[in-house]
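S.K.: Let me give you the structure first, and then I'll get to my questions.
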């Protein structure tokens, strides 16, 4: 890179205020690298109008001019109602009488006399009226231009929509210039002039660093960035394209009463990442709270962040399932109170079988009077049955075994909390003045008999002791959790021993409650592997509490906070501070698809007060406060990359002799072993890509768009942590490649590992209850006799109720589903995403690396020596296998956080 003043992340204060950025869409793009004549499937080119065939519609090319043509691919809605069809006909008629769509070519060069960009005369898009009845999803229109022979290369196209409706441009290809076809990947909704009188700008696929921007495009680059940043005022309309920041102040609704209010997340009192600003008015009773938009009313995200139709259809089906599965248990339980709890495990099994009681109950006279139920009967066959989760397909009783409980810490849906125990006993970091002595109640006597003849010290020094520690994250909230109806929790620790076979076995579980009164010793109970029938059920209950805490930490912290919320500021900043022409924006673009929309939906129905998360997980109405506590105490970007995270948890040590520079202390740790394959592939890809544009440290430091992106993501997007000393620097190509690797990893592989196994591995509630309703009874408690008398029923009564179970299963069924338009790691459906041959070559090598990683994962899953992923009833670990078909597959690594 050449030119530009030196600036790096070390001088963030200056950088944050003067960057610029470019919004880009998340839409799937056409494969338009072929000549225009070889158009993609389903694209229809209708015959040109008669006038055009006579030559009237095409500008005459003089000897000193160039005749050029723009071929515009417009994607139509698949499903249109009568109102849409009528509006389309009106637009076609308006087009016929001159209210057409106008295109204008902008050269990369400036006029030497005027100093302004060279532009063509506006040209109308031809064929809208003639193709008004075409049924294809993609329809191609053309515009003809005659420009001076010295026009230069087209670097941008402007579009003015004089119709009444918005339309979606997928791509533009401009032909006729000596430099060859110019490709413009658009994937954007263009608003009509009645909404916005500004011309939309689309840049060609040639990447330009800011200092290398051709003279003819500099002004447009600046203007487009300013448009996307907006002015930070006013309420956003759903047609807007503006990206900005706000705190999480719309999760509660204080106008409904104190119980419906929720604290603001973000700010000194409760630090949190920032979310997309909507500018909605405050609530009537609390000026600090933003008024809510309840689902299914649309919540603002930049227009091009909306889902495509295929994604919307998938979520609509999921919404129908939620209605049915939630509505039916509520209906039946209102008539038959005795089935609110599971009477036995057979009731749980019946959820996965055809002919459920819920379905049969539809035939009762009572239900026949309800039109909605009659409609379900007639139209929704198949939506009333849950698929059998993978976790019980191969071995129905595997979940009861200790080895399976331990295996899931390495290869389950939350394999990112297991840590090596480096000192014994474990010690809390909480204030002992408030929470009592920090030492764990687990003693050497509790575990010595389970260490295969080793002493505790030998086991620690030999890296044989591991732990799931949910003590400190839960204990500060336990009083408020346990005060809620039907919710009971502990601060938990589970200690595991690494056997000679390379598998883990649980050897102690500690359940802790806070002190009842000042000076009172808090309750600490330790459970060890059972010796008789009663202790077996106490042990099962203790494991269930560990699993429930694990489920809460997984959803609130590892999944939502780390891969959704903490990524949002980097995405917002990218659109605000980096042009679509910027090579780094082009690299990041597929990894930002759908994330802002998903996060906005989460604020509507998942993480909001009384939403799915609060209703389904033990912490209840303190769920998001726990998430904020974890952000304040635990989150650091420099430890979010896989190698740094493994080292932090003591699961790996640096070893230059190993393929990835790390040696895993549990060799058969499927998440880590497979993750390192993908991490390395992503790292090589980012290094090669960065090297193509940044030959020196100075090139990185002088790129003001790049520096402004990172500075703003930190200073504005993570404002509550902006002064932390651990933020990675952005001063060298190595710094940049490392930062990009971490971000791509979090948006793709890390999110996939934490998301797409939720139903397959968590859909059988006894295996992994998200919510517990009873504490573990002690001998002498009234409940203890109930446990002894009917352990099955007591165990199930501690788990979620039937309604809670079916609601939760429905949600994670939807969350675990790949949509048909998913784009997977290594894929770039838009083959014309860049005109840079070096970048395309690096992308092809990356795709090959990803394929090789998938082949290695398949080999590992077939290796009987890897007992944590292969064996009788053992599920293979495929969550890091990059490819997948649509649906619930328990595999597949999408490019971005798409669900």
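Every residue gets a Cβ built from N, Cα and C, even glycine.
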S.K.: Quick check on the annotations: Swiss-Prot lists region 'Disordered' for one of 258-291, 292-325, 326-359. Which range is it?
M.R.: 258-291
S.K.: The Fe cation site in Swiss-Prot includes 559, 564, 751, 755. Which of 418, 442, 888, 899 is also listed there?
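M.R.: As annotated by Swiss-Prot, 559, 564, 751, 755 share the Fe cation site with 899, chosen from 418, 442, 888, 899.
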S.K.: What count of other C-beta atoms do you get within 10 angstroms of the C-beta of residue 751 (Fe cation binding site), across all chains shown?
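M.R.: For residue 751 (Fe cation binding site), the 10 Å Cβ neighbour count is 24.
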S.K.: So what sits near residue 564 (Fe cation binding site) in its own chain, CB-to-CB under 8 Å and at least six residues off in sequence?
M.R.: 595, 598, 599, 602, 751, 897
S.K.: What three-state secondary structure does DSSP assign to residue 755 (Fe cation binding site)?
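M.R.: Where residue 755 (Fe cation binding site) sits, the three-state DSSP reduction gives helix.
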S.K.: DSSP on residue 564 (Fe cation binding site), three-state: which is it?
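M.R.: Note: residue 564 (Fe cation binding site) is helical by DSSP.
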S.K.: Give the sequence-ordered list of residues that share a chain with residue 899 (Fe cation binding site), lie 6 or more positions from it, and have CB atoms under 8 Å from its CB.
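M.R.: Listed in sequence order, they are 594, 598, 755, 814, 815, 817, 818, 819.
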S.K.: Other than 559, 564, 751, 755, 899 themselves, what residues in this chain have Cβ atoms within 8 Å of the centroid of the Fe cation site's Cβ atoms?
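M.R.: Same chain, not in 559, 564, 751, 755, 899, Cβ within 8 Å: 560, 563, 598, 752, 754, 815, 897.
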S.K.: Is it possible to get the count of other C-beta atoms within 10 angstroms of the C-beta of residue 559 (Fe cation binding site)?
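M.R.: Taking all protein chains shown, residue 559 (Fe cation binding site) has 23 Cβ neighbours within 10 Å.
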S.K.: Is it possible to get the count of other C-beta atoms within 10 angstroms of the C-beta of residue 755 (Fe cation binding site)?
M.R.: 23
